[in-house]
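Notes follow once the structure below has been shown.
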Amino acid sequence: MVFGQVVIGPPGSGKTTYCNGMSQFLSLMGRKVAIVNLDPANDALPYECGVNIEELIKLEDVMSEHSLGPNGGLVYCMEYLEKNIDWLESKLKPLLKDHYILFDFPGQVELFFIHDSTKNVLTKLIKSLNLRLTAVQLIDSHLCCDPGNYVSSLLLSLSTMLHMELPHVNVLSKIDLIGSYGKLAFNLDFYTDVQDLSYLEHHLSQDPRSAKYRKLTKELCSVIEDYSLVNFTTLDIQDKESVGDLVKLIDKSNGYIFAGIDASVVEYSKIAIGQTDWDYNRVAAVQEKYMEDEEIQD
């Protein structure tokens, strides 16, 4: 049984930086980590790859040969990977004995909530290699500063969760920079817990662009609340406590926390519940740490 993370998110959300930082953190914890780069457009990697899709196919070659743009080229690459899944399986098998796997995916979001190739690749790997994976979706925290962008990020997160069908952790990345993006309309816990979205209506009406689609946005918010699946944790990749809290969540979601444990059902339950870590207190501490200067200016 092999554990790992599927790192996804829009362009610029910090996926490659996350993989690099998470790899270093887990290595310090004593885990052997292998990063699998499945982004054929990422040719400036800050980490050493265990597997690199560029050995199979390159985006620039696809664009040149088939006269495709970047998005069409990435879709082609994922379809090509799906058809050549044996190549990826053969590359992963030597790592299965003792490695924790990080999959670094492209940032084109349509690959994760519309197109099926990425989902099919992961499904085949999970079945053939007995993988236990958690999808970690990174959302840049600056999107919280704009109500319309925040609702869009919620809709993206929900759509991806439903489409990928994996244990899922949504992350507001770059939380250390949130104080520089501008003042939030509400406390940070409003955005992490996805509280009553009707409170956003007033702020949406202040923006002429959002006001035009006010009714549509209201209906989308209703869909998000009806499913009640989306919430966020926060991440400062340079802060070991922040990364450690995220690792705990991921380990619970993919079952790593139970690996190698021979215990009764009662003991498993104790481990699963663990020591109570109140989200409100944790998020309040994050707000105080990273948004203190903004509050002083007020």
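One is the number of the first residue shown, and numbering goes on along the chain from there.
In case you wondered, yes, glycine gets a Cβ from its N, Cα and C as well.
According to Swiss-Prot, the protein has these features:
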type: BINDING; residues: GLY12, SER13, GLY14, LYS15, THR16, THR17, SER173, LYS174, ILE175, ASP176; note: GTP binding site
type: SITE; residues: ASN71; note: site 'Stabilizes the phosphate intermediate'
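Recorded features from Swiss-Prot, shown on the structure.
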residue: GLY12; record: GTP binding site; contacts (Cβ under 8 Å, 6+ apart): GLY107, ASP140
residue: GLY14; record: GTP binding site; contacts (Cβ under 8 Å, 6+ apart): LEU138, ASP140, SER173, LYS174, ILE237
residue: THR16; record: GTP binding site; contacts (Cβ under 8 Å, 6+ apart): ASP39, ASN42, LEU45, PRO46, TYR47, ASP104
residue: ASN71; record: site 'Stabilizes the phosphate intermediate'; contacts (Cβ under 8 Å, 6+ apart): GLN108, GLU110
residue: ILE175; record: GTP binding site; contacts (Cβ under 8 Å, 6+ apart): SER141, THR234, LEU235, ASP236, SER242, VAL286, TYR290
